[in-house]
Every structure is written in C-alpha cells, then in structure tokens.
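Chemist: Next up is a structure, given as structure tokens.
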Amino acid sequence: MQGGGVSGFQNAPVTRALVLASGLLSIVFSANRRARALGLSYQDIIKNFRVWRIFASGFAFQSTPELMFGLYLLYYFRVFERQIGSNKYSVFSLFTITVSLLLEILSLVLLKDTNYISTLASGPYGLIFASFIPFFLDIPITSRFRIFGVNFSDKSFIYLAGLQLLLSSWKRSFIPGICGLIAGSLYRLNVLGVRRMKLPQIIAAFFTRFFASPSGSSSRPSRNLVGNMPSHTGRAVQNQPSTGFAPLVEPPESSIAMLVSMGFDSNAARQALVQARNDINVATNILLEAQSH
C-alpha cells in the first residue's frame, strides 16, 4: 500500500475484526484503569494460571503510543489479506499469534530465575511482527528518495513504525517482537504444512458477514481476470499518441512475475500495472477490485 489503492477495509474483514478487537479491548482496559494489569508474567500464567491474561495480553495494548503504532501497522498489513485471501490470512493470524504467545511464555519460564524481565508487553505483537517477514521478502521497493542526505524508500516509514513499537517498552516489548518474527519465519518455512491449511468455511463466512466492508467483500486472488480488465496491453498504451499525460512505462517482468505468483493471470497483471503506473500494490488492489465485480 505504498502508493495508495483501495482505502478502508475492503476485501479485509479479518483485519477489520482484529483492529476492532484490539482497539476496543485496549480502550476498555484503559477506561477501567486495568491496563497495567495486562502483560504476561510467570507468576500469573504459570503459577496462578490466569488464562484470561493470555487472551487479553494477545490483543490489548497497554499505552496510547503502542495502540497508535500497533493499529496503524495492523491496518497497513491488510494488504496481505487481500493478496492471499481472508481464509488463509485467518490461518496466518491464528498461527502467528498462538506460536508467538507460546514463545513468550517459554521465555518467561527460561528467565524466571533472573532479574532480566518479569512482565512482557501486551498487544498483538506476534501478528504484527510476523507480518514483517512477508513485508520484507514480498513487497518490492517502488521508490527511493533522500532526506538530509540519508537514503530512504517507500518502505522505510513502515520499518520505522515497527522499530518504534518494538522498542516502545524496551525489554518488555522487544521479546514479544522477536517472538513474532520467529513465528512469521516458521509460517514462511511452512512448518507442519501450515501454509496449506484452511479454516472451515463457516468461520470465513462469519468474518465476511459481520466484518466485511459495505463496499466490498473478502476475496481471494483470481486465476483469470482478463475479462474484467481493459483489452489494451502495457506496450500498446505506451505507444499511443501523447495526450498531455506522462508516458506509461512498460511494466518490469519482476513485477509481473510477483503478481502471477499471487495467482493472477499474466496479461491481467500487466494491464493492472500499466493502469497503476507500475505501483505493484495499487495493481494488486485493481486486480482484486476487478474480481469482485
């Protein structure tokens, strides 16, 4: 979503549910002055077995800055739900949140006899930092620029937001962030064949029914969208007479290959990239919109 595209939660009902759950739980605990009671600790989880702390700490943030950066990143990463579909994104979310929480509990057990840390920061750190794995590997850099002599890309500000969240509570937030990165790596490596798993259709239908945006619904990448796209190709558009607008550049093969790897038809991918002026994220949204019509 570097350059824009479909706004809101269109084609991202699972993300919408996660953002609402995280935001509402954070507000409720804050309003009841119980935000400080959040966070995983060895005493609460292992000795007292307060299971509700695991659920609450997996979604609710403890402070306003963490809430702002966390919800922003959750909202931004909705692009992955649009790419792989809501069902598989549900599996990704469930797997990374669960594995991350288990790793956090394991870290508390290993560090219980030290003075290094007693309580971990709460919030969906697992899902957020797991999403940085596909963000780093799959989302290409589409523009670069310099600020005060320092090189940046259109991905830099997402990394900076993630770094801010990672270090927001220092050791308390650093460990959950690292656990999230490990969980995302395990999903990427297809441990236990998790990338082939799907949730029952009734669960996917629940998210679509209650959390889908009014202007669209959850979708998955289409294998053939040519019928929904304009008939011209990128090269044909490039060779059309000038109309006063900037010339359209032929889409690079690497961008076409990435869209094809997501399941889109190569011709449709090329046409979408031409229409999006080679912004791969906007092109993805164009293809998904075309499928929903």
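The backbone N, Cα and C atoms fix where each Cβ goes, and this holds for glycine too.
A quick note: this is a predicted structure, and the numbers were derived from the prediction, not measured.
OK, TrEMBL features for this one:
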| type | residues | note |
| --- | --- | --- |
| TRANSMEM | 12-31 | transmembrane segment |
| TRANSMEM | 51-77 | transmembrane segment |
| TRANSMEM | 89-110 | transmembrane segment |
| TRANSMEM | 116-136 | transmembrane segment |
| TRANSMEM | 173-191 | transmembrane segment |
| DOMAIN | 250-290 | domain 'UBA' |
Chemist: Roughly where does the domain 'UBA' (250-290) sit in mean pLDDT, to the nearest integer?
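Modeler: Mean pLDDT across the domain 'UBA' (250-290) comes out at 80.
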Chemist: For the transmembrane segment (89-110), which stretch among 12-31, 51-77, 116-136, 173-191 has the most Cβ pairs under 8 A?
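Modeler: Most Cβ pairs under 8 Å with the transmembrane segment (89-110) come from 173-191.
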Chemist: Take the domain 'UBA' (250-290) and count its residues per DSSP category (helix H/G/I, strand E/B, coil), listing them in that order.
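Modeler: Final tally across the stretch: 30 helix, 0 strand, 11 coil.
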